[in-house]
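Student: Below, the features straight out of TrEMBL:
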- 1-21: signal peptide (SIGNAL)
- 52-177: domain 'Corticotropin-releasing factor binding protein N-terminal' (DOMAIN)
- CYS60-CYS81: disulfide bond (DISULFID)
- CYS104-CYS141: disulfide bond (DISULFID)
- CYS183-CYS205: disulfide bond (DISULFID)
- 185-306: domain 'Corticotropin-releasing factor binding protein C-terminal' (DOMAIN)
- CYS237-CYS264: disulfide bond (DISULFID)
- CYS277-CYS318: disulfide bond (DISULFID)
Amino acid sequence: MPSAFQFQCHFVLIFLAASKGETRYLEVRDASEDEPFLLLSEDLKRELSAGQIYRRSLRCIDMLSIEGQFTFTADQPQLHCATFFIGEPEELITVDYDFVNIDCLGGDFLKVFDGWILKGEKFPSSLDHPLPTSQRYVDFCESGNIQRTIRSSQNVAMIFFRIHQPGYGFTITVKKNTNLFPCNVISQTPSGRFTMVIPHQHRNCSFSIIYPVVIKISDLILGHLNGLFLKKPSAGCAGVGDFVELLGGTGLDPSKMFPLADLCHSFHGSAQMKIGCENTVLRMVSSGKHINRVTFEYHQLDLQETENRKENSIEEFCFPSI
């Protein structure tokens, strides 16, 4: 049976569990039969390729992986609503306010968050995001016409809103833009291949896979400068400014997960690990002094698998979150 966290992330069944100023925390509600990512059918893809704009109404709890224009109109008081947006790893999300008719003075709100929040846990974590937490929120009731276009810093974003009066609502347009150097990413699928490059930037980047997985790192370059590999300390990653770590846990925030392995030496080859956690994160820490790169592939772990792969692998394990 899927865990509570997997229900949260796969079905986005959440509600806002706060009032007044504390409207940033989300909780699980109930199960849904909708697929987690509302992918396009082939017919709809052909229509969109012909230049048509995809349009549909938003549900109170929704998830979108496509571009288009989306409208929400309350048919009754809607007090705990959210829409999650996700793109491909190399895409950024842009949200445009086309039309907003809400009663800010009456307690309505419409906020965009740069990332995702589930049960108070953020992705990217505060350690990995370029902006302080307070600047990751854009409140329409505070900004109004001043900021009607908001762009995410990674491939995920969300809006959450409260509307008291039937007939009130809003229309937004969601677009995607290319991100030349993807940093923080949530994978849409339980399998894939990705190369993360941090070119002379002092930042931390996390790639999150919300499944138990087998992950194989095939290429790791740390401290690459002018064609030379800088020598790394012989023992451990303590004090090293550039390294990769594998994390596992049952929540969304990488900073609250357990460290499972550290890699601080460049290599070409294969390093494989089976991680039975509900969420697996590969996180690169970069000092900004070098060009760092890691290539990895992953696929969902078969929990019935009994084969013990000894070569370049570590036994499957996962620690509970604290």
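Cβ from N, Cα, C; glycine included.
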Student: Residue counts in helix (H, G, I), strand (E, B) and coil for the domain 'Corticotropin-releasing factor binding protein C-terminal' (185-306), per DSSP?
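Tutor: Output for the domain 'Corticotropin-releasing factor binding protein C-terminal' (185-306) reads 3 helix, 70 strand, 49 coil.
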Student: Please tell me which one of the disulfide-bonded residues listed here (CYS60, CYS81, CYS104, CYS237, CYS277) sits closest to CYS205 (disulfide bond), measuring Cα to Cα?
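Tutor: With Cα distances computed to CYS205 (disulfide bond), the winner among CYS60, CYS81, CYS104, CYS237, CYS277 is CYS237.
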Student: Per 10 Å Cβ neighbour count, which of the disulfide-bonded residues CYS141, CYS183, CYS264, CYS277 ranks highest?
Tutor: CYS277
Student: Calculate the distance in Å between the alpha carbons (Cα) of CYS277 (disulfide bond) and CYS183 (disulfide bond), and round it to a whole number.
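Tutor: That comes out at 22 Å between the alpha carbons.
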Student: What is the nearest of the disulfide-bonded residues CYS60, CYS141, CYS264 to CYS183 (disulfide bond), using the Cα of each?
Tutor: CYS264
Student: In whole Å, how far is CYS81 (disulfide bond) from CYS104 (disulfide bond) when you measure between their Cα atoms?
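Tutor: For CYS104 (disulfide bond) versus CYS81 (disulfide bond), the Cα atoms are 16 Å apart.
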Student: Can you check how the pLDDT averages out over the domain 'Corticotropin-releasing factor binding protein C-terminal' (185-306)?
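Tutor: The average pLDDT of the model in the domain 'Corticotropin-releasing factor binding protein C-terminal' (185-306) works out to 84.
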Student: Select one residue from CYS60, CYS81, CYS104, CYS205, CYS237: among these disulfide-bonded residues, choose the one with the most other Cβ atoms within 10 Å of its Cβ.
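Tutor: Sorting the candidates by Cβ neighbours within 10 Å, the top entry is CYS205.
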Student: Could you check which of the disulfide-bonded residues CYS60, CYS81, CYS141 is the closest Cα neighbour of CYS237 (disulfide bond)?
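Tutor: Nearest by Cα distance to CYS237 (disulfide bond): CYS81.
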Student: As a quick check of your reading of DSSP, tell me how many residues in the domain 'Corticotropin-releasing factor binding protein N-terminal' (52-177) are helical, how many are strand and how many are coil.
Tutor: 11 helix, 67 strand, 48 coil
